[in-house]
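For reference, Swiss-Prot has these:
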- 29, 30, 31, 32, 33, 78, 79, 107, 130, 164, 278, 302: NAD(+) binding site (BINDING)
- 109: active site, N6-AMP-lysine intermediate (ACT_SITE)
- 395, 398, 413, 418: Zn(2+) binding site (BINDING)
- 577-652: domain 'BRCT' (DOMAIN)
């Protein structure tokens, strides 16, 4: 029986590979089902012989308790966006300045969810979401339910690969039809449906919804030299690889490819929202390196957003957590990019004045970044006698006088006791990307605030079961869950807490960069603006905002209250030594190194506090030049930049 189970497992896995990866079925569905049923029967009778890569282990379902956080060994960076031919030409110019003979590979930008798959000796170990690029969620059990993801590779490799999980238009249509029949809310678009599916706790639901994938990157070190070779290897290993791509050195040919794909976009079985252009040489990619947010060797051209006409019925003014007052237009409903849109942002008062937007106007509405509905401009030919919009002088929440600073485009309420400002700050603190206090959403925050139970974020940690029980609609079980979520948030990473404080210009990535240097939020109470500005990726604006916040007496009180409540203040990641020899310096490696390989040299520089970049500019502080150094060395000399060799680096 053991031998037969092995035969069936190997045979069925080969059939799955032919069907899902090669798109060339080598057996009829009925024959496959017959063999599959035989394997199921044998495995039920002899469970001790069930193999790790059995296809039966990738179907069925279990109920998961939740998803654990997963720190990516290789960070997932965002891509720089481009919306015009001019931006692509500028990218081409930057690359060709370093590598005149560079070629590009243009690939489809799948409108799905980024995933990372890690294999050990050929077997799938971890499937994870992108998250913030450094920390995602471990969704391995759900990943196993996606039929075109191989549980075992065709070779016993230890490798980490990247790609997109998506839902086909056909599957999306079928799911929404079923949800409509069951009286359930329909998904807005395939991307939302795929996102909701990957976060399902019931893995059988994932299996039924028939997600699919396209893989496009080997994140771990590879023996391949070119990106097109990587795609070929991924296909050989058993992954699904998108068949549409263009290899060329000409931006004219790239543009022709983009226009060809855009024209057939609606004919594809899945949604795409652009084309990604990558430098094809992996060695050149390594030389070009990364900015804080994105690789310098790739750019994502985004297709123009769909636009529709709608009438502005009224305008609401709302106060955000930093006091910014944002205008939102209420519209006649329109279908836009798969969703019904009845509200759209007007951005700020300067935008309203610039576009001369008035209530009653017919306007062009689009989705900024394919996500946020926004008003593009007014259809002047349809304007009648609309009056100029009245801009509020007083805060719609607290009645305080609004200010419009010269260097800002927004109206701002500067009353620290403004109810809306406080509520938005509390909501932000409890949000998923900040302290992730499950259940503590806007409705409950509002009830707590109006009841007088919370006035700042530290008050959240003083709440009792009796406090929650006094709120309308909160029962004992809900109160217990909320208290448990609050307690659990105390052990969150310190960067989540710093982000949760809602300091202007301090996002989640900036929070991590700051704490890599300072190590503890308490240390920020005495941090100097000039020190913060030296941190790679920050600058004077962020430094000023951070120091202004922590110089307030209320900040010291808040930090003390949070610490007393047991909230984690300490950064658990690897701390950067601000006393390191090269701290704050921007360094470029060029030429051939004799003793160290490039990764070893980069690791050493970063350990010494340096930021390693791929190109020489006026911002470069130091160039480490090996043998056969070319244009980068010459440019460094022309700019008067300090130059050292490999021996100097090794002695540090």
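Each residue, glycine too, has its Cβ placed from N, Cα and C.
Predicted, not measured: the structure shown is a model, and the values here were computed from it.
Features as recorded by Swiss-Prot, highlighted on the structure.
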residue	record	contacts (Cβ under 8 Å, 6+ apart)
79	NAD(+) binding site	276, 294, 295, 298, 299, 300
109	active site, N6-AMP-lysine intermediate	272, 273, 274, 275, 276, 300, 301, 302
130	NAD(+) binding site	76, 113, 114, 115, 116, 136
278	NAD(+) binding site	104, 105, 106, 107, 227, 285, 297, 298
395	Zn(2+) binding site	319, 325, 401, 402, 413, 415, 418, 420
398	Zn(2+) binding site	413, 415, 417, 418, 419, 420, 421
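A simple way to gauge crowding: the CB of residue 418 (Zn(2+) binding site) has 20 other CB atoms within 10 angstroms, across all the protein chains here. Broken down by DSSP into helix, strand and coil, the domain 'BRCT' (577-652) contains 24 helix, 18 strand, 34 coil. Compute the center of the Cβ atoms of 395, 398, 413, 418, which mark the site for Zn(2+); besides them, the chain residues with Cβ within 8 Å of that center are 319, 323, 396, 397, 399, 400, 402, 415, 419, 420, 421. All protein chains considered, the CB of residue 413 (Zn(2+) binding site) has 24 other CB atoms within 10 Å.
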